[in-house]
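Residues or ranges marked as domain 'Cytochrome oxidase subunit I profile' in TrEMBL: A:23-527. The annotation transmembrane segment is assigned in TrEMBL to A:35-56, A:76-97, A:118-138, A:158-186, A:198-226, A:258-276, A:288-307, A:319-338, A:350-375, A:387-411, A:432-450, A:470-490.
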Amino acid sequence: MSAVIDNHHADHAHGPAKGPMRWVLTTNHKDIGSMYLWFSFAMFLLGGTMAMVIRAELFQPGLQLVAPEFFNQMTTMHGLIMVFGAVMPAFVGLANWMIPMMIGAPDMALPRMNNFSFWLLPAAFGLLVSTLFMDGGGPNFGWTFYAPLSTTYAPPSVTFFIFAIHLAGISSIMGAINIVATIINLRAPGMTLMKMPLFVWTWLITAFLLIAVMPVLAGVVTMMLMDIHFGTSFFSAAGGGDPVMFQHIFWFFGHPEVYIMILPAFGAVSMIIPAFARKPLFGYTSMVYATAAIAFLSFVVWAHHMFTVGIPLTGELFFMYATLLIAVPTGVKVFNWVSTMFRGSLTFEAPMLFAIAFVILFTIGGFSGLMLAIAPADFQYHDTYFVVAHFHYVLVPGAIFGIFASAYYWLPKWTGFMYDEVLAKTHFWMSFVGMNLAFFPMHFIGLAGMPRRIPDYNMMFANFNMVSSVGAFMFGATQLLFLFIVIKCIRGGPKASAKPWDGAEGLEWTVPSPAPYHTFSTPPDVK
Amino acid sequence: MATHEEYYVPAQSKWPIVGSIGLLVTVFGAGTMMNNMTSGADSSLGQYVFFAGLLILIYMMFGWFSNVVSESHQGLYSAQMDRSFRMGMGWFIFSEVMFFAAFFGALFYVRTLAGPWLAGEGAKADTAMLWPEFEFVWPLLQNPDPQAYPGPTETISPWQLPLINTLLLITSSVTVTFAHHALRAGKRAALKGWLLLTVVLAVVFLTLQIAEYIHAYNDLGLTLASGIYGATFFMLTGFHGAHVLMGTIILTVMLIRVHKGHFTPDNHFGFEAASWYWHFVDVVWVGLFIFVYIF
């Protein structure tokens with residue numbers, strides 16, 4: 001312990017420590033950001049592999065590859081790993097790398113806690129994945145783990161699933177507290193709130209959402225744990241509880257959670273589009289207020305996930321109108337992005353391609369969301385592949401393309417080298433085509449009535465399912481190309497200047513590429 | 001802004017990884033223990049793993065906090081660092097508020113919506129067909145299925161132990177504030193006295209709470225498994241009690257640190273954070289007293 005303290009005087013003078021323990025013991029926001037991003041990518045491949053199992057089974061009608069029980073575990077784990085292991089940590093990784101540099105801070109506000117937040121994730125997901133090898137198999141009740149499927153009828157491994165969620169939740173809360181403290185407290189002099197880059201703004205709001213709803217998730221899994229092991233009856237009507245109550249508490253967490261996964265992507269895209277349109281962002285102030293409005297509304301729309309469960313008519317109406325209202329601030333954002341590009345000097349490097357695809361395809365996902373928000377129509381769509389198509393359109397070309405756009409945009413800053421533009425564009429087009437092939441047909445088979453979360457289906461859905469599977473395999477295989485591009489970029493390539501993109505703005509481009517181990521040990525002046 | 005230049009970024013630290021391993025071992029042990037208990041397996045492996053995990057966590061907290069205390073004593077922390085700590089603690093307490101909100105939400109939902117529906121209110125005819133005899137009143141003494149969930153015979157009266165407990169906790173909020181004022185005025189003797197009194201009040205509260213639980217289990221049939229009343233009652237008061245226990249430990253550590261001569265009239269955020277936490281558990285208790293015990 002004393003050794004740790006004695007080191008501090010020199011810690012700005014030297015670079016990273018030597019050896020692998022550097023990564024275990026680090027307090028550096030860039031090291032931790034890199035670890036988050038690598039962890040997220042590993043989880044993306046793992047969750048993606050599960051998606052490949054799902055699509056392989058659904059390639060043809062009938063049961064061919066896996067048992068239905070295992071299929072259920074695959075859909076459940078695919079969702080859990082992608083949501084909690086891939087998308088959320090990727091954005092926390094981007095936040096770690098970029099927020100201190102964007103606001104001129106020396107590091108995150110609480111650097112040791114930052115490392116704690118990261119290292120809880122391998123613990124959480126090690127525990128979660130280990131449930132697949134336990135007696136009775138892993139979680140098989142869907143990523144939304146509705147009671148009583150997840151309580152009365154759950155395999156014994158559900159106990160470890162609950163604790164894995166607790167660990168991931170602790171990690172998220174600590175990470176979010178750190179981000180709020182960093183943004184509020186560590187901005188360089190002159191960096192007023194309304195001068196902050198939009199990625200910082202959207203993360204500030206996201207972090208607030210995380211602190212507000214992750215404890216609610218902890219609460220609901222704790223109730224499950226008590227129902228399973230200690231005889232309580234929160235979700236058992238026989239004891240006066242209510243299984244529907246599970247869904248209310250879960251979605252009170254769950255709906256803000258989906259905005260947690262998209263708002264940082266909004267922020268990143270709001271920085272990338274101006275850079276490649278060589279025009280300032282259209283409507284900065286309205287972007288900030290729209291983000292805040294979306295976050296506020298996310299707390300009062302949760303029961304639109306539950307239209308068919310039997311809620312009172314007033315509830316159906318309230319949650320329907322509140323949900324439709326979200327289209328207003330989201331529309332403001334989409335119009336602002338389009339207006340930013342209007343009459344800009346556009347170039348189409350990989351980050352811009354992903355950003356433009358984001359705007360178009362996320363909007364498609366938003367429109368199908370509006371269809372689902374209409375309660376009487378949702379009675380038809382509920383639990384069909386239409387829902388699967390909807391949320392994959394907002395998450396894959398939304399959250400994931402936002403992450404890819406950010407990765408290509410900032411890779412030169414991280415590595416000091418330019419990535420291979422030809423390969424990156426190949427990655428984009430393969431992903432774009434693959435993802436649309438995989439998810440667009442799901443709209444049709446969903447509207448025709450194919451239920452989600454089943455390993456077998458009616459013959460009439462066979463053709464579209466085969467197209468979906470081909471698209472999914474294409475999208476999945478393409479991500480190995482992304483891995484190759486990133487490794488290639490780390491190992492070398494054309495040298496990147498401090499500001500490799502003409503139109504890019506922000507403090508992160510004022511430091512050399514690659515960014516030195518410690519940036520802004522003394523704060524810059526922001527005018 | 002001069003304070004910017006002094007922002008302290010600690011060098012490497014082993015505590016985060018120790019904490020991660022500790023938490024993993026703890027929850028793995030707890031999970032094993034619970035699964036063995038529910039399946040009836042005769043194995044105490046879970047207990048050993050659980051306690052090993054707790055020991056690692058205690059080691060981590062002791063080491064980590066010692067680190068922070070000693071860095072503070074070396075004067076490494078600027079005013080800006082102090083603000084980071086304040087924000088960290090404030091937002092942590094907000095997250096705790098939301099944790100309790102989940103359980104309060106469950107209580108309100110059952111009492112105002114789910115319970116009456118289960119007894120056939122509204123247009124949901126089928127719910128009343130499950131248990132046609134069921135009538136919903138609060139406190140719920142007769143559960144829909146009394147075989148599976150035998151209800152309590154009686155509930156705790158708010159005007160005995162709970163009222164005393166309310167007075168104890170509110171008084172302790174006042175005494176910890178007196179201790180804080182004494183600290184700021186440099187009156188160390190008064191600080192020690194008020195802080196000690198706070199800890200004593202906390203311990204008395206915990207003792208009475210344990211007595212109440214024993215009474216509920218032995219005499220009233222009010223248990224975790226006695227239906228939704230017992231479930232919400234014990235989860236809310238139990239998590240509150242766990243937080244009081246944690247707060248008591250924190251205040252005790254503060255008392256020890258005061259006796260070791262820590263804290264100055266203008267540099268004592270550790271103490272202040274402990275008192276914030278203490279006020280938070282008191283406010284939660286007031287909510288419990290009103291919505292769990294009285295109404």
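Each Cβ is built from the backbone N, Cα and C atoms, and glycine gets one as well.
By the Cβ criterion (distance under 8 Å, sequence gap of 6 or more), the transmembrane segment (A:432-450) is not counted as touching the transmembrane segment (A:158-186), fewer than 3 such pairs being found. The stretches the transmembrane segment (A:76-97) and the transmembrane segment (A:258-276) meet in space: the count of Cβ pairs below 8 angstroms, excluding pairs fewer than 6 apart in sequence, reaches at least three. Taking the domain 'Cytochrome oxidase subunit I profile' (A:23-527) as a whole, pLDDT averages 97 in the prediction. When Cβ-Cβ distances under 8 Å to the transmembrane segment (A:288-307) are tallied for each of A:35-56, A:158-186, A:258-276, A:387-411, A:470-490, the top count falls to A:258-276. Long-range Cβ contacts of the transmembrane segment (A:387-411) within its own chain (Cβ-Cβ under 8 Å, at least 6 residues beyond either end) map to 37, 40, 44, 82, 87, 90-91, 94, 97-98, 258, 261-262, 264-266, 268-269, 271-272, 275, 349-352, 354-355, 357-358, 360-362, 364-366, 368-369, 371-372, 381, 417-419, 424, 427-428, 431-432, 435, 438-440, 442-443, 446, 452, 475, 482, 486, 489, 501, 504, 508. Only residues 6 or more beyond the boundaries of the transmembrane segment (A:470-490), in the same chain, are considered here, and those with a CB under 8 A from a CB of the stretch are 41, 44-45, 48-49, 51-52, 55, 396, 404, 407, 411, 415, 417-420, 423-424, 426-427, 430-431, 433-439, 441.
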